[in-house]
């Protein structure tokens, strides 16, 4: 059956309903009609109707398992990855083979170099079983029976700690002061120790001392009735009984009994030991258990110092070596450190009691006013508490005495300047804080530390200087004072000699020190047998690196003679002040004090304000 219709483009169109032709045939026939129709111009729409979909060339694919991609895209991707890998390898090879121009850090300054050596002195002074990496080849284990050899004492384990100077006595009073000074310097200048690569070293030095101090009293108790004040004996009468002054032997060869001196009424010693443990507890605040142990021991010792009043050196051997003239300054010093360590305001109330300051000599001056030493802590306490006023300003009821201490600190800093005549100076420029008496350097280094520290306090408080009477002085003047004094000690003096052993090319070679003066030759000398080394004019066979000797006389003169301890003997307290001054002056001047660590346990001075009220809603 045929059905005729009208061709919409003008021609007859026949459609066979029962046509058995295939789709391809129909498509071909349609294409024939299309070609006939192309004799006329067709618009775009009409062309699309006729032409239909164009025949596309079949694409080849790659089956990657998870996806199917075009082979062409696959090849391009692999090629790009290989090219990138080759380029990266080529660049890496160029970088590795190219000559490297390293940007070396600037060489360490003189103060940093001297600091590293000054710390080594403490390694040479260690008593007991030495750590493996003590780095002093001529030292070994010594005095491992301390405490056990004395039946009269309850303290049976007093091994450890530090020998005080050139002998083998362990005096707790100057040793504790040395540890307090080292801890103070770490709290203020930990970043500078870190930059010098000595932070872990100095913390090890402090811990060696505090571990020993914890053995000298019942540190687990809240109340005690005695402490060990000294180990060893220093009889200077010249008697035949073996002791630590009569016998000139290496500490490793000591085989005589070493008595322990106990004290039951020793406020100055106990308060100084308390300051040492309290300051160290801040140094080790990241070691919570050890820090709390130190703080507890500090509280126990301070309670003992307040309950059992008395000077530790009265009527015993220490009076000849480290005589304490009073304990009021240690009360202020110890209370200040305990407040910083615990945050307990009762300690701050005690430290700022006017009566205590009066007894300590804060209002009457005197020849030693402003001189920080193992005996007089008042100046250090004044600077330490001035810090609180500068940074925290606690106000009532502490403001009156804190303002007084701040003003007195300013006066003390003025007294250090050469334009004032509080202290004489040698022709070479060394300040005579002990008024021309022997062993001046231990006082000079403490003053240099305090001057640098106070200048850094002012800088941290955005204060450019301070007043001496009507005249205003820049903090640079204080720092210059400290630099000139330390430079003198390091060699800028009339003798062109460094008074720190091992620093520079010209330094003392006959240091008054038993261990350094006797060769490590496996020969054990008896008490008198070692005298030949004491009296020898030859240089010490062992160099005690970092030891600051006692120093020159008031005429800048110095005698490098082993038998004269007033020139050539180093001490723990002296070297601690040297270390503190050196780290304060070392490194980048823009790196000042750590403002916050000292206050880490101090609670907020003022109550936290209440939160704002909720917004009003109609």
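Here the Cβ of each residue, glycine as well, is placed from N, Cα and C on the backbone.
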Where TrEMBL places transmembrane segment among the ranges 7-29, 30-52, 53-75, 76-98: 76-98
For the transmembrane segment (76-98), distant same-chain residues with Cβ under 8 A (at least six beyond the ends): none
Inter-residue C-alpha distance, residue 569 (active site) and residue 560 (active site) (nearest angstrom): 10
Inter-residue C-alpha distance, residue 512 (active site) and residue 560 (active site) (nearest angstrom): 9
Active-site residues compared (560, 569) - the one with the fewest other Cβ atoms within 10 Å: 560
